[in-house]
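Annotated ATP binding site per Swiss-Prot: Gly158, Gly160, Lys161, Thr162, in sequence order, evidence recorded as sequence analysis. The annotation region 'Domain I, interacts with DnaA modulators' is assigned in Swiss-Prot to 1-74. Annotation source Swiss-Prot lists region 'Domain II' at 74-113. Feature annotation from Swiss-Prot assigns region 'Domain III, AAA+ region' to 114-331; the stated evidence is sequence analysis. The region 'Domain IV, binds dsDNA' annotation in Swiss-Prot covers 332-453, and the record cites sequence analysis as its basis.
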Amino acid sequence: MKEKQFWNRILEFAQERLTRSMYDFYAIQAEVIKVEENVATIFLPRSEMEMVWEKQLKDIIVVAGFEIYDAEITPHYIFTKPQDTTSSQVEEATNLTLYDYSPKLVSIPYSDTGLKEKYTFDNFIQGDGNVWAVSAALAVSEDLALTYNPLFIYGGPGLGKTHLLNAIGNEILKNIPNARVKYIPAESFINDFLDHLRLGEMEKFKKTYRSLDLLLIDDIQSLSGKKVATQEEFFNTFNALHDKQKQIVLTSDRSPKHLEGLEERLVTRFSWGLTQTITPPDFETRIAILQSKTEHLGYNFQSDTLEYLAGQFDSNVRDLEGAINDITLIARVKKIKDITIDIAAEAIRARKQDVSQMLVIPIDKIQTEVGNFYGVSIKEMKGSRRLQNIVLARQVAMYLSRELTDNSLPKIGKEFGGKDHTTVIHAHAKIKSLIDQDDNLRLEIESIKKKIK
């Protein structure tokens, strides 16, 4: 009886936090198997769901556990139901029919797919800023056109959108070699259309794009402001594929509703499926990225050096890659194998322009800037008052303290009047969820971050 109450409470919390489509995908499909010795065994039908539950929903398990069991419940995830083979048999049968393409078409040579083989899910570093987008991309790569169609991923430059598009295409071809897949930047699609139009070969163009099983378009914002004929052709291509239940995945530097210069009917179609954002990597993710990028270079990057670098570049992955290139160049010239903080600081001096500004951001500076923005005092932020504007400021400050510093959760909680670390976890998850849904809040936080730095 308690297990049912416990699970229903979790679903209630999840419904408040998640969008409808995410709730249906991540929460409804999950199931609590048992709760014993303060461990909740939770069945997830897909292994990639674990990261979402662990990073985005774990705190609601803790809250529900205290409410129902008066104890801290730890989740344990399983991906096969005990003594239950029915679901796997159904899934296997589904896969057999899903990829039985009809009519049969000649597969596209890999060189013509536009894909880059080096970009896979295996070497994509997941973190809080991209977990939803990665999970959606994985879901699409398992169930073409049955999960989210189109899938629209947006975020700033250098955050991994192109990597994810290629990973989807490569994963599909690994499992379905005869699938017709095409990756192409929007600008190249436009040029291809204009070339075929000029040569009078529009039937060839239509056949190329409208016979695909998977179309991956990068930087769709490039279509904004283009001539009516160009947007009309993409509109018709989109409709032709969608009507045949073929998968479309798009990326952009902004959300569909902020794509100016596009016909409204296109914007509407971009929102038909699922829209996910990618935000800059947090401190832990930046360290993981640096570890992945440096482990095979033949140099010894000390752990404190990686932490130092992670603290200097927080806007995108390209900055981290550029810093690594700067460092390895100096190391090669000086014939150095051990990369210390001093070596790293020297190497990235030009990139940072002023090394004297490479300071750790104190939490009180974050509190000050957030307080100034929302008209809330630091005393109120550290207190326990629950007025809406104070709660928002407090949660935003906690969120930024975790994103912009390497302080531990208990340390952050202490700086906010001795709050428990679970409060920090909840605040971070709450703001992260709101950012994904509210562009105005996302812009507010970006504005605050610029003032902090």
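Any Cβ shown, glycine's included, is placed from N, Cα and C.
Shown on the structure are the features that Swiss-Prot records.
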| residue | record | CB count, 10 Å |
| --- | --- | --- |
| Gly158 | ATP binding site | 16 |
| Gly160 | ATP binding site | 26 |
| Lys161 | ATP binding site | 24 |
| Thr162 | ATP binding site | 18 |
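With DSSP states grouped into helix (H, G, I), strand (E, B) and coil, the region 'Domain IV, binds dsDNA' (332-453) comes out at 89 helix, 2 strand, 31 coil. Under the DSSP three-state reduction, Gly158 (ATP binding site) is assigned to coil, being neither helix nor strand. Counting residue by residue with DSSP, the region 'Domain I, interacts with DnaA modulators' (1-74) contains 45 helix, 12 strand, 17 coil.
Note: the ATP site is recorded as Gly158, Gly160, Lys161, Thr162; in the same chain, Gly155, Pro157, Leu159, His163, Leu164, Thr251, Ile278, Asn316, Val317 also have Cβ atoms within 8 Å of that site's Cβ centroid. The average pLDDT the prediction assigns to the region 'Domain I, interacts with DnaA modulators' (1-74) is 84.
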